[in-house]
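Step one of this worksheet: look at the structure below.
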Amino acid sequence: MEASAGLVAGSYRRNELVRIRHESDGGTKPLKNMNGQICQICGDDVGLAETGDVFVACNECAFPVCRPCYEYERKDGTQCCPQCKTRFRRHRGSPRVEGDEDEDDVDDIENEFNYAQGANKARHQRHGEEFSSSSRHESQPIPLLTHGHTVSGEIRTPDTQSVRTTSGPLGPSDRNAISSPYIDPRQPVPVRIVDPSKDLNSYGLGNVDWKERVEGWKLKQEKNMLQMTGKYHEGKGGEIEGTGSNGEELQMADDTRLPMSRVVPIPSSRLTPYRVVIILRLIILCFFLQYRTTHPVKNAYPLWLTSVICEIWFAFSWLLDQFPKWYPINRETYLDRLAIRYDRDGEPSQLVPVDVFVSTVDPLKEPPLVTANTVLSILSVDYPVDKVACYVSDDGSAMLTFESLSETAEFAKKWVPFCKKFNIEPRAPEFYFAQKIDYLKDKIQPSFVKERRAMKREYEEFKVRINALVAKAQKIPEEGWTMQDGTPWPGNNTRDHPGMIQVFLGHSGGLDTDGNELPRLIYVSREKRPGFQHHKKAGAMNALIRVSAVLTNGAYLLNVDCDHYFNNSKAIKEAMCFMMDPAIGKKCCYVQFPQRFDGIDLHDRYANRNIVFFDINMKGLDGIQGPVYVGTGCCFNRQALYGYDPVLTEEDLEPNIIVKSCCGSRKKGKSSKKYNYEKRRGINRSDSNAPLFNMEDIDEGFEGYDDERSILMSQRSVEKRFGQSPVFIAATFMEQGGIPPTTNPATLLKEAIHVISCGYEDKTEWGKEIGWIYGSVTEDILTGFKMHARGWISIYCNPPRPAFKGSAPINLSDRLNQVLRWALGSIEILLSRHCPIWYGYHGRLRLLERIAYINTIVYPITSIPLIAYCILPAFCLITDRFIIPEISNYASIWFILLFISIAVTGILELRWSGVSIEDWWRNEQFWVIGGTSAHLFAVFQGLLKVLAGIDTNFTVTSKATDEDGDFAELYIFKWTALLIPPTTVLLVNLIGIVAGVSYAVNSGYQSWGPLFGKLFFALWVIAHLYPFLKGLLGRQNRTPTIVIVWSVLLASIFSLLWVRINPFVDANPNANNFNGKGGVF
């Protein structure tokens, strides 16, 4: 689809397709005048025939083709004219090929069987073709979907190498065979479809295509020379020294065999003591719990029982959290090796195409300027422009988002060349110009200061235009929005509108100021109709998967939130170091990057950075089966999202040692399991040099398959799995990306609108086994879990320069609402069929990975014992009772050892992870704040939603900034019921401290000893809630009065009732009220 095609809107169900042009759209562009003297395949001169006239390859239409291209097409191509599809006739001097008719006027015995020159030339071409197309995927060639045609038209194949055949002298087929298997004799001879009215260079076919084959042949010859040199070094020939150019090439050949990444284990000097302390802590914890359960407090039995139940649950929760961190690792990548292998200077890039997804809903809560910065950082990434496509999903169908993207596309034509010329970081202009650093460091170009000043002025003008659009959007017209040409905006009704697609940049979408092409930028708003379930973000992401497969079909997908910009322009290459690695790429479902944030206060009061999770938990999971998917900053293997199983080796099929020890050996069933995986992945592991099917076969029942493949490839089963879109189904089998070569460009618009229609997913496996999985507001956990259950692994990539940065809700109310959403999703999964406690035991999910997922979904339940344990100190102080009886010196040892083991475990964890003690303490504090508020609400809301069907809506976290100060929003306390429970806990403990001290003062000196243990217990709770208390007292004029009123009222009523109705009052006045001293854990 051309970038100048305008906005395309339509509905498949209503059989509507409308094209809306902008005022800036011009008329029909004049076609390039072809004078017939230039070959339209390679770009060279056509040359002369033996008679001295201009060489004419096709006698029917005289389409300009030079003699070398004519010979190549006859020998190894389609043997047909690209324009009229007529079979080339043999000219005098050309060798005879199969199918030539006897023609008296051109037969010459001298050249009829002279294959030497022509075959040698064709062989050289095939050498280059085979090398260029299979150098990246030597272990598994690329499957051809049809007959290997190269198509022209509106959508160009992002990876032209991904659809070429590999037949030839060094390929898998016969020396003289034509690479077109599975040809139906009833069908016409396959041809290369070319539009004669357009310049072939615009389709990536002509000059570049021919030169790539020639350069590939040269590289193949150099590779053969290196192999011969290696034989001499092995003693099979004379002494040849690797000096000069040969030595450099030999070194390069060695570099191509080196891994592009490696695992960096944590030093044993740090990890071994950590593991020893964990085991000791487990032993101590067992003795501690044994003592607590066997020594009740008789005169405070309810308090003791409550505390013991809480402590047992805390111990269980600690085990779930601790053991997945048993084998943490680090990783490092080698971008130079990636460049040597796939992206050499002066050669066509062999990097695979990548589609980047950006999701947004409400432009008033997710400011268009933030989204624009994210898009600009994507368009200027350090990656081949023809291999990157950016898709922006507007799930709110807002015209403001559409207009801001239009402005962003125009500004990108200036911003992208500036970034690449001066190699600046980050490439989001808002954050680049806001940096308080020496921006002249490492800059040597004299024009940098002048151009930077001009670019900053351009960006400020761009911001003014965006702000004007935002101001205009504040007041919605009664008749709805209209576009520049007066056409009503199709998305005026956000709940009832057609699907919309607009290509802003890309092929034929305009060049940047330096005359270079830009990555494709595509706006997508899926169709929405009343009565259809849209599944929120998960549904929008699945729509992007389908529409991207139809238009560009990148082999890998990278999704980011609209507020997460590329902080590292090489982030995609960092992911490709794993995805394109021959050893692990075929079994890696995604590469997860950590989340890093801007705009957070120095002390990170509410633990927005999540440092402990990303630098400790995620590294621990990376050593097992990989990190969990966190919803953004993740690069996916498209095949994994399609529900396929990974390509497993013998080693992968061996049971995990922990599973083997816990569940017994599975060697008996290994062969059958392997066969099952071979069978299920057969479509991707078969001979990829043979086309999988003709496009016509999709509508004819997929005829012509062998028995094994027909199990998966029947028309009914494929449509039930992927939906009824032949173009999309064809794209799903292009394992290395790219558009199927026989796809008709004229059908792409219709298919793109079709696959984002509201009813496309009906009676398919979308959201169940394919794509983002439905069933929870935290679709990221379910999606990653399903992939891991199939046997895929994931990778945690933490480069020195953070790959992505985003904005976090520094306001406590918004932060708690965000945590509430995450916890609510966990409860939904816990009560669903996808619960990791019982789901996926027949898959390849490893035991520790399963434990990590169980911990991910059960952690909100910890809020119930946590809030009970936080109120216990107040009960003890008010009633003058305690949860621990008088203990002996022997029993006190277990209390002391437990506290020491907890402290040492934390210290050693910080030692190997590099996390600061302040970050660790902030994480502990917010664990209590979130546990006594958001997690508690999530448990009850989740039960209501799943069991009673009462849905609770969540709001998008606001990314807008406050202009009153850098962290002015930090002190805002918006009204939310989530603030009541922690405020009540604070007040109850403060009242308990006052009551306990008053009782000690009135009772004399002997009561101060037991008081210290209770005060320590209460102060420990208050210390964890200190950030919350500081926020309440920070700016009292901004604290909601209703929060204070409700909290004080609940705390006072509860305290007074407890004093009035004391369940621990003994009827015997001579009873001993002394409860002794002790710990509080």
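Here the Cβ of each residue, glycine as well, is placed from N, Cα and C on the backbone.
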Swiss-Prot annotation: SER998 and LYS1030 on one membrane face: no
Going along the chain, which residues at least six beyond the ends of the coiled coil (449-476) come within the CB cut-off of under 8 Å? 363-364, 367-369, 372, 398-400, 403-404, 407, 411, 414-415, 418, 421-422, 429-430, 433, 439-440
Have a look at the recorded positions SER359, GLU366, ASP561, ASP780 and say which one has the shortest Cα distance to ASP395 (active site). SER359
If you count Cβ atoms within 10 Å of the Cβ of SER359 (UDP-alpha-D-glucose binding site), leaving out that atom itself, what do you get? 21
Among all protein chains shown, how many Cβ atoms are found within 10 Å of the Cβ of GLU366 (UDP-alpha-D-glucose binding site), not counting that one? 25
Tell me the Cβ contacts of LYS537 (Mn(2+) binding site) under 8 Å, same chain only and six or more apart in sequence, or just say none. SER359, VAL361, ASP395, TRP772, GLU779
Going along the chain, which residues six or more apart from LYS536 (UDP-alpha-D-glucose binding site) have their CB under 8 A from its CB? ASP395, VAL777, GLU779
Roughly how wide, in whole Å, is the group SER359, LYS365, GLU366, ASP395, LYS536 that binds UDP-alpha-D-glucose, by largest Cα to Cα distance? 16
Spatially, which candidate from the recorded positions LYS365, GLU366, ASP780 is nearest to ASP561 (Mn(2+) binding site), comparing Cα atoms? GLU366
Compute the C-alpha separation of GLU366 (UDP-alpha-D-glucose binding site) from ASP780 (active site), stating it in Å without decimals. 20
Across every protein chain in view, the count of C-beta atoms other than its own within 10 A of the C-beta of ASP561 (Mn(2+) binding site) is 24
Restricting to the chain of ASP780 (active site) and a gap of 6 or more, list residues whose Cβ falls under 8 Å of its Cβ, or answer none. VAL628, TYR629, VAL630, GLY631
Which has the fewest other CB atoms in a 10 Å radius around its CB: LYS365, ASP395, the listed recorded positions? LYS365
